[in-house]
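**Q** Have a look at this one.
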Amino acid sequence: MRILADENIPLVDAFFADQGSIRRLPGRAIDRAALAEVDVLLVRSVTEVSRAALAGSPVRFVGTCTIGTDHLDLDYFAEAGIAWSSAPGCNARGVVDYVLGCLLAMAEVRGADLAERTYGVVGAGQVGGRLVEVLRGLGWKVLVCDPPRQAREPDGEFVSLERLLAEADVISLHTPLNRDGEHPTRHLLDEPRLAALRPGTWLVNASRGAVVDNQALRRLLEGGADLEVALDVWEGEPQADPELAARCLIATPHIAGYSLEGKLRGTAQIYQAYCAWRGIAERVSLQDVLPETWLAGLQLNPGCDPAWALATLCRAVYDPRSDDAAFRRSLTGDSATRRAAFDALRKHYPPRREITGLRVATGGQAELQRVVRALGAQLV
């Protein structure tokens with residue numbers, strides 16, 4: 001097999017070395033010419049895999065190390081008989097850790113008690129669904145809007161988007177980018193909806209940039225709106241709006257899901273799908289390649305404050321403020337320089353582990369145990 005992989009996909013050799021020749025390119029450089037002699041294509045969300053790129057090529061399998069598939073022309077895949085796989089849920093936990101880090105940063109700035117807020121989660125799939133479980137496990141009030149899931153689960157606890165926007169103090173977006181269809185999400189938060197947000201609302205977008213109208217949001221913030229914003233995704237990536245970023249409390253270069261586990265899990269999942277397509281046995285597993293965590297464990301005193309424990313556990317694995325600082329330093333120079341810097345920050349992103357790898361002892365204190373379980377850490 002002739003395999004072409006995005007150069008930023010980790011451990012391609014570990015999983016695919018015995019399957020043929022492997023060539024690597026930057027994801028944005030993968031085009032029609034690059035696919036002329038390729039059987040298997042492995043990509044991330046930065047590569048548009050379209051009819052124009054694939055027509056006439058020998059590509060028979062496409063794997064994307066992402067949850068979303070809006071960069072894949074699935075209609076053409078079906079027409080051309082091209083097998084494909086995404087990696088649903090691969091980086092979901094990393095995104096949840098990112099959102100928790102943003103909430104802690106916002107609470108610190110606002111002097112707010114996270115337990116007293118009402119949370120609105122828009123999109124309850126792989127990422128949003130996990131976030132809802134964590135927030136409710138902590139005993140916090142959560143409203144959920146997910147029309148497609150509500151149609152499948154008519155007895156579920158769902159609310160309309162209008163009610164969520166009217167009642168939630170914190171809004172976290174986790175929808176795919178759908179430009180058409182029954183439930184389009186492009187500019188789901190458009191100018192009228194953004195303007196109608198309650199004063200003091202916190203908005204987090206770690207889904208797709210165009211789910212929020214970036215220009216409308218910038219105008220709103222420039223006008224002095226009482227709104228705290230954390231953005232990890234941007235319209236027109238890798239070109240992020242520096243004026244919008246300057247008005248966000250947290251601004252990062254699409255790295256919410258960039259945990260080490262998430263990256264390796266994505267490669268492992270498309271390898272599993274590839275093996276199923278080929279009808280061959282898997283020779284490598286995620287556990288074979290996942291290194292030990294840097295932090296072996298934490299011992300909490302039974303008398304410690306649960307809110308302090310929550311913040312300590314979350315920040316033990318991730319604090320978005322370091323990524324925010326690095327991103328802001330990159331927002332200088334001309335457009336080409338900023339675009340290159342955006343991709344460079346993602347390419348050279350340092351290792352980050354997930355909270356699920358933390359082993360935490362609580363001395364048997366029930367409230368601390370509840371916090372540890374809700375976060376998904378390992379209780380010992």
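Placement of Cβ uses the backbone N, Cα and C atoms for every residue, glycine included.
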**Q** In Swiss-Prot, the residues Gln126, Val127, Asp146, Thr175, Ala206, Ser207, Arg208, Gly257 are said to bind NAD(+). Which of Asp190, Asp226, Asp232, Asp241 is said to bind at that same site?
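**A** According to Swiss-Prot, the candidate sharing the NAD(+) site with Gln126, Val127, Asp146, Thr175, Ala206, Ser207, Arg208, Gly257 is Asp232.
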**Q** In sequence order, which residues at least six apart in the same chain have a CB under 8 Å from the CB of Ala206 (NAD(+) binding site)?
**A** Val95, Tyr98, Val99, Val127, Ser172, Leu173, His174, Ala230, Asp232, Val233, Ala256, Gly257
**Q** Relative to the Cα of Glu237 (active site), which of the recorded positions Thr66, Gln126, Asp146, His254, Tyr258 have a Cα no more than 10 Å away?
**A** His254
**Q** Determine the most Cβ-crowded residue among the recorded positions Asp146, Glu237, using a 10 Å radius around each Cβ and all protein chains in the structure.
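**A** Result for the most crowded candidate: Asp146.
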**Q** Quick one: give me the count of other CB atoms within 10 A of the CB of Thr66 (substrate binding site).
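**A** Excluding its own Cβ, the number within 10 Å is 22.
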**Q** Measuring Cα to Cα across Gln126, Val127, Asp146, Thr175, Ala206, Ser207, Arg208, Asp232, Gly257, which the record gives as the NAD(+) binders, how far apart are the two most distant ones in Å?
**A** 21
